[in-house]
Amino acid sequence: MRSQIIWSEIIPPPDSSELGNTIWSLTFKPDGSEIVMAIGDRIFVYEAQTGNLLHSLRAHDPGKNVYAVAYSKDGKRFASGGADYNVIIWTSKAEGILKYQHQSSIQCLAYNPITHQLASGSCTDFGIWGQEQNKVEKFALPSKTLCMAWSNDGLILAIGMFNGNVTLRDKTGVAKETFVRNAPIWCLEWNPSKSKDYSGQLAVGCWDETLSFWDATGKQIGNDKDLGFDPCSISYFSNGEFMVLAGSDKKVTLWTKDGICLGPIGEHKEWIWTAKVRPKNNCVAIGSDKGTICHYQLSFSIVHGLYQERYAYRELMTEVIIQHLVTDQKVSIKCRDLIKKISVYKDRLAVQLPEKVVIYTVQPDDENDMRYKSFKKINKKFECSLMVLTYWNLLFCQDKRLQLFDFAGELEREWNMEAPVRYIKVIGGPPKKEGVIVGLKSGQVVKIFVDNPFPIPLIKHNSAIRCLDISSYRKKLAIVDENQNLLVYDLKTQEVIFQDSQVSAVAWNSEMEDIIAYSGDGTLSIKTGPFPPTTQKMLGFVVGFKASKIFSLHYITMNTVDVPQSAAMHKYIEQKNLDLAYYVACLGVTEQDWTTLAIESIQLHKFNLAKKAFLRTKNIRFLELLSRIEIERKNPNYSDYIMMGEVAAYQGKYTEAATLFKKGNDPKRAAFMYNELKQWSKAEEFMKFLDKKEQDDFWIKQGEDATDWKLSAKIFMNIGDYKRAVAIVGNNRDMEYLIEICRQMSKSDNLEALQLCANYFRKNMHHKYAVEAYLKLGDLKALLNLHVELEKWEDAFRVAKQNPELQSLLYLPYANWLISKDRFEEARDAYKKAGKSEVGLRLFEKLIENAFTERRFEDTSRYYWKLALEHLTLIKDCMNPTPECVQHFTLYEEFKKYSEIYYAYSFIHRYAESPFLLPTPNYEETIFNACRYLLNSMPNPPPKGINRLYVYFSLGRLASKLGGYKTARVAYEKLQNLKIPSEWQEEVEQAALATKAKPYVDREELFTVCNRCMNTNPPLNASGDQCSACKHPVIRSFISFTPLPLVEFEPNEAIEPKRINMLIHTESPQKASKPKKAQAGGWQESLNVEMQDQEDVFVQKIMEWAEVQMTQDEYHPVVVDEYTLASIPAQDIFILDLTKINPTLPKRYFKLMIPDVEIVLCPNCGHFFLQDEYDLAFLETNACPVCHAQESKEEGEI
């Protein structure tokens, strides 16, 4: 770092003895064009660059010092304040626009960088003024204000006071944090850096001779920095990386943002009260106690070092950045002190600091290792202009003297030159024996070995040396003198072998003796051997040259430029010097250059060199060609023409290759080449050189590649290759042409071609021709699959009928098709015929799952019934069941019960969802009876999809309406244990309260009377939907769920089935019909045994059986003998006969106890219905409401 005074001025003291010429404060305009200073009772405005006085402003009270000035961030105004208690705001044109007062002397001013509020501090308080405000907000302080500064975001105002306190305020003046120091705080400043680590960092200068750093919360960062003087001013550079301090040491010094001193900028004879960095410039202005104004320009020199691909340079004065120029890796070493010199040599790095030199090293075995570690420290101060590093020594240069030190700091050797040293470079060598070339101001170039006290003169030039380098074999020396002339010397003959002008730097290629690079005037030149140099544009100057990479330094940036050596390689090829051409190519050329070199090597029979070149580009094809050439060259008929023809063909030069093959007396190669390239017209020129088989192969290949596919097909048909002909025509989808070919072929000779024809017809949905092809093949199985694939089921069933062995292949895809058409029951039958009953069962299970997921409970009921019938059909013998039959019968009973439960629940669900919809008369009684049936029949837990909330809600509401208050209360009590929807909550609670006000009984008509034992059962029966006394099931009409007057019986097992049928249909005196008596109120569910005819032997049999049933735990139907069976009228007997589904299933018999009641039995599902209810339902759907069977139903007459 160097500093230079741009301009300075000493302000003479004023005439008044009350005023001095002390410069208390200065500030820059934000664009850096002007300096505003407070001197005496006036404000001076200077032009920053020239020091010309622009304005001398006097607005404060005469004889009163101006202590503070500050400029707003937007550059529109500045402010001044002084001992007259006044703050004056000026425009940028030095026109006063506003004045306000404090109660004491103004000590400091600061503008908010965001809101442009002005903060002013006095001896007793501080104030904040803004453009939008009509007044100044003032806040008392416990001590005299000495300094203040706003944070970068304008949110925090830091104020330093005489008592050592620093208070942090928000932009409204409210205190946020306070921290305490040991002495007056004379200066503080926020770091303007935008980095996350330093933004919001406050530097505080205290008069206990310390500098400290704090964050925005009042927490100290790091430790105090001892200054050795009282700081009076702190000012940061615009980027926040550096700052300047000035104070009682009468100096202005440069510091890093971390508080590391980098050295003095300038020294004076008196205290410096203020120092400010010029915005966006490396300039500093200071004002001293005796009126000295001084404007300094700072310059930072480049400190760096380079060795081959490792480049080290100084960053931010205290860091070393090491960059690997090939991999572009970078590492940083923080030295925390001013870096004066840097040198790099092999795996070592030397860094000179003010009081020591530190040597770093990396692993020498890994050329890409960048993990530098401290290796040695020399705790000694060295004064030098140049420093270079060898493996075990440091070489320092000061003017004419060179001194060699070891890593312990001991002087080993010293050389005194005849003239000052201008350039020095280590050229390598064994450790402790390295060589160094030195260029002197006198034009002398000498070589020094670190173990030899005597320099070796190399050349004597007539001008001062500016730059030099020596070739890799140490045979040539290149120098650049101070006149920018380049001269290349042959060290053996001492002759100049090349020279050029306008050159600033030079570097030899480290890997080839004859290549040199030099730069100057924005141009890079590269000279190879005896050839003229090639040039290109390049910024900066060359500092290194390795292989094809040029290292150039542009200001402080090191750039790597890739420079292919193509031009030099081609020049060596022109001279047939392929070895040097290969050596140059190894430095870096393009893939095309390698190919060119390899082909030239083949032509000159340098096959090893060609192989190396092709290996560089990983060209496997050419490497295989080389191997074949080396083998074929053993054939005496193989000539160079053929060899170069092969090379030309591989390069894509086919015409040239054909000509060379012809010259080499091998025209067949040309024919085969064009044949592979499918260039038929050119190949025909060489056809005459081929034999018959080769010509046939040629025409076949031409046919394969012909653009006219019909021609290709015809060619293959002519040679008898029908399979290929079929493939060509089929791929072009000409079915008419294809059927012609199909009809020409015989099955015995062209089986595969016929099969291919059929496949093409099938693929293109040409059913008629595919049938013809399969019939010609006799492949009936494929024909059936074709019909199935095209969904031509009539044709498929016709084929299956004629060939029964194929039926098993038909029904499974037919069933899948039926499913796609939603014809599930037909699909079930098809699965049965296909022998896939289990698939049919899974089909119904899936339908059931979908139905109750979609809340289609009637469909759920119907599918469960169908599933029950499926299991019933799988029972082989109901009378002598196997374990498998028992399992199927159990599932039949279970699924039948589920069918009935879901059927009943469908009524309840519909009612709960739409309670005000009354689709049929007595709808409410129907729902009430359905709830009774469901709760009496439903298992626990209920089946999936059954919502007990709906059941109890419907039961409670309807029981209350029908007078079943006890039942309603039970329902509402059950609801209390369930989660009730909010919209039902109020209704349920009100209904429950209303029910509790009613008597705890049910209306008599709601009870169910058992037609077998006359026992009365409550609406909700804990025993289930059966009589609690005799266990006879309640038989209901499956529309209104009304109990029906039916009693189940069974003939004695000794009576044969034919006899049973005869007894039922035989007329006897006991069967004399009695007229039906009309009841005024319809029929009643009651039976008075005493009122029955004494001849009713069935009633007598019931009474006898009741005594037997009382002694048994399980329900058993009434068993009747022949006499009793013969006495029952046929019209009063219902026979539940499902033998058409399973012939082994026993029939069930039921006796109508009240003949006036008209009842219907569905013969398909075995459910009973009241006649009028069934008729109405059948008219609507033309099917049974439960099983949806469409056959006509039988009435009670048998």
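Each Cβ is built from the backbone N, Cα and C atoms, and glycine gets one as well.
Residues annotated as domain 'IFT122 first beta-propeller' in TrEMBL: 22-194 (among others).
Marked as domain 'IFT122 first beta-propeller' by TrEMBL: 201-298 (among others). Per-residue pLDDT, averaged across the domain 'IFT122 first beta-propeller' (201-298), gives 94.
For 304-558, the entry in TrEMBL reads domain 'IFT122 second beta-propeller'.
According to TrEMBL, the feature domain 'Intraflagellar transport protein 122 homolog TPR' maps to 565-948.
Summarising the annotation, TrEMBL assigns domain 'IFT122 zinc ribbon' to 1004-1047. Note on the domain 'IFT122 zinc ribbon' (1004-1047): residues 900, 903-904, 922, 925-926, 929-930, 932-933, 935-937, 959, 962-964, 966-967, 970, 1083, 1085-1087, 1089, 1102, 1106, 1109-1110, 1114-1115, 1118, 1134, 1150-1154, 1157, 1159, 1167-1170, 1173-1174, 1177, 1185-1186 of its chain, located 6 or more positions outside it, place their CB under 8 angstroms from a CB of the stretch.
According to TrEMBL, the feature repeat 'WD' maps to 66-90. For the repeat 'WD' (66-90), residue counts in helix, strand and coil come to 0 helix, 17 strand, 8 coil, using DSSP.
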Please indicate, using numbers and ranges, the residues of the same chain that are 6 or more beyond the repeat 'WD' (66-90) and have a C-beta under 8 Å from a C-beta there.
24-31, 36-43, 57, 59-60, 96-114, 116, 118, 120, 122, 127, 129
Of the residues in the domain 'IFT122 zinc ribbon' (1004-1047), how many are helix, strand and coil by DSSP?
3 helix, 11 strand, 30 coil
